[in-house]
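Annotation source Swiss-Prot lists transmembrane segment at 14-34, 45-65, 86-106, 116-136, 137-157, 171-191, 253-273, 281-301, 338-358, 385-405, 420-439, 461-481 (among others), citing sequence analysis.
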Amino acid sequence: MITSSQSALSGEMLMAMLPILIVAGTVVLLMLSIAWRRHHFFNGSLTVIGLNCALFSLYTVWGLFHFSQHDAINVTPLLRINGYSIFYSGLVILASLATCTFAYPWLQGYPDNREEFYLLLLISTLGALVLVSAQHLAAVFLGIELIALPLFGLLGYAYQQNRSLEASIKYFVLSAAASSFLLFGMAMLYAQTGGLSFTSLGNVFNEHVFSKPLILAGMGMILVGFGFKLSLVPFQLWTPDVYQGAPAPVTTFLGTVGKIALLAGVMRFFLYVPTFNVPGLNTALSFMAVASIFFGNLMALTQNNIKRLLGYSSIAHFGYLMIGLIALHQDPMVLERVAVYIVAYLFSSLGVLGVVSLMSSPYKGADAEALFSYRGLFWHRPILAAVMTIMLLSLAGIPMTLGFIAKFFLLLTAVNTHLWVLTATVVIGSAIALYYYLRITVSLFLSPPETLQRDTPKDWAFTAGGIVVWISALLVLVFGIYPQPLISFIKGFNALS
């Protein structure tokens, strides 16, 4: 915590908030630009420039810590900027940039107003940046709602299709219900403790809470809200429908930014609030993890829609990540291992959904989401098929990919903390997942259909979206073979947490 004068404190606060301020400023500029003149290229470029400036400003914030010799900066009681928040802010901004690159060609064929897409995306990104830096439940709620409200519009952006409208309405209704649970749980905690900051709640939870039913009920309500947002069983039923109905770039954003930001916020909350002091909470988390892994993987087996399949797959992946939450106070390396898994999941998801976006651009009605659309892709787009194969193998956790390193680290955490049921569940779930990931992979190399329904442009590898897919595949391979630079990079950030 900083002990300098008020003026210096204010200056450091503003510097620490630089990425958030830049994204917020870009939102204002974009609104003015849209009001002045609708120009897709200009407004899309403004969005990308703003996000790049926010990304590079993270280096300035990182340098601020070394210059000021502080481990963290508390920006009001709501936000805490440290290595942890800088790392996850970087992942959020990278995923938002990737979404912009996938969305631009898709919007080129869109028959209505295009610029609002970038505005909604920026507001949602702003919420994600607030969420990963939150140290107060009020900031958590603000961040979650800033992510969710623009997503209602993004999910229904292809409103000419009934499925897109259905996805938006389903997410709206269920998200509102989950937010109600979250808010009611926070109210219960406040009624019992008189505070909502993570520090004050942590002090309460370090005492015995058996005799405080409001705290137990409040934590249960909050767990329901978090479970919905992370699409964990039994709050997951919206996920496949929303993934399938949303436009491909929005599915990319929802599956990466939305979930990664929330997981970062939830993990920071549980860093202060030890789960082992709350009766039944670890048991509930373990049940949600096991059920999510089995449900997600088993339901994905029979899917013929790639976006729906990835929706079920994401349920399983965040079931795996629950190991990190359960073992948070039992393994000193758990933050680094979860971060490696998040990086692997991010780049693998960007790669697969990036290929779907490339195949679906420009807008021509329904996305190229049927598995049949990818049959024989190798025979007319061999490099794209190779890239997609790498990403699918990484999601499956096959050796020589980053996904294998990430899953190995999570298994190591489960073994070190004696979570034997979860260890067995991860092994069985991974074996099931191997089938449906290989099913997609094999179809890429089968004989192609006589007529191609959807295809990428011939110069896809030189487009912005193609470059993102290339880079993602390269990182997944390089860090899968030699992960030490990534691990050292992550440890450097966690040293300031």
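Even glycines carry a Cβ here, placed using N, Cα and C.
Remark: the transmembrane segment (338-358) makes no contact with the transmembrane segment (14-34), by the rule of 3 or more CB pairs under 8 A. Using a cut-off of 8 Å between Cβ atoms, the transmembrane segment (86-106) and the transmembrane segment (385-405) share fewer than three residue pairs, counting only pairs 6 or more apart in sequence.
With pairs at least 6 apart in sequence, the transmembrane segment (116-136) and the transmembrane segment (14-34) have 3 or more Cβ pairs within the 8 Å limit; the two touch. Count of Cβ pairs under 8 Å against the transmembrane segment (45-65): among 116-136, 171-191, 253-273, 420-439, the largest is for 116-136. With respect to Cβ pairs under 8 Å, the transmembrane segment (116-136) is most closely packed against 253-273, considering the stretches 171-191, 253-273, 385-405, 420-439.
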